[in-house]
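Accompanying notes for the structure given below.
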Amino acid sequence: MEFSNIEESKGAIREEKENGNEINEIEESKVRLMRTFVEREDPSVKEVDDFTIRRFLRARELDMEKASTLFLKYLSWRRSFIPNGFISPSEVPNELAQNKLFMQGADKQNRPVVVVFGARHRPYKGSLEELKRFVVYTLERICARMPAGKEKFVSIADLEGWGYSNSDIRGYLAALSILQV
C-alpha cells in the first residue's frame, strides 16, 4: 500500500514538472512575441533581457497587450527619471549617509540579501525626489548582484528602535510608486 502511494506521488511530481515545462514554453513564446511587438514601438528594447519582459508578462497574467502597454510606459518613465541610464551615489548623498540599507551576500538559493534598518531613516520636510532616486539606485544595485536566471531577492527589515520620528508615510508612498512602475 505504501509503495503505491509513493509511485502515485512520483507520477504527480512528473506531471507537475511536465506542466511546468509547458508553462515555461508558453512564457518563452510570449516573451518572443512581446519582444517583437515592443521593439517596433521602441527599438531600445533590444537592450532589455528576456527576464525583464517575462516579469511584465507575469505581472499581467501573460496578457501580451496589457504587459506591452505597461512595459512601454515603464521604458518611457525610466528614460525621463534616469536620463543617464543610471543613478550615481552623488545623486543620493543624504540617503546614503543614513546607512540604512546594506547588501549582505546571498541566501541558500543564491538570491541577494538586503538588510534595511528602519530606525536609521530620517524623513525630509521638502522634496521626496532624492528618496525616489535612492529607491531606484538601490534596486539597480540589487539587480546587478543577481545571478543569471534569478529574479528574486530577500529583504530583511530590522525595526528595532523604529518609531514615530522614523515614520514617513509620504516617503513610503513615494517608494511604493516607484515599485509599481
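Placement of Cβ uses the backbone N, Cα and C atoms for every residue, glycine included.
What TrEMBL says about this one:
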type     : residues : note
COMPBIAS : 7-20     : compositional bias 'Basic and acidic residues'
DOMAIN   : 49-74    : domain 'CRAL/TRIO N-terminal'
REGION   : 1-21     : region 'Disordered'
For the domain 'CRAL/TRIO N-terminal' (49-74), give the DSSP counts of helix residues, strand residues and coil residues.
21 helix, 0 strand, 5 coil
If I take every residue in the domain 'CRAL/TRIO N-terminal' (49-74) and average their pLDDT values, what number comes out?
91
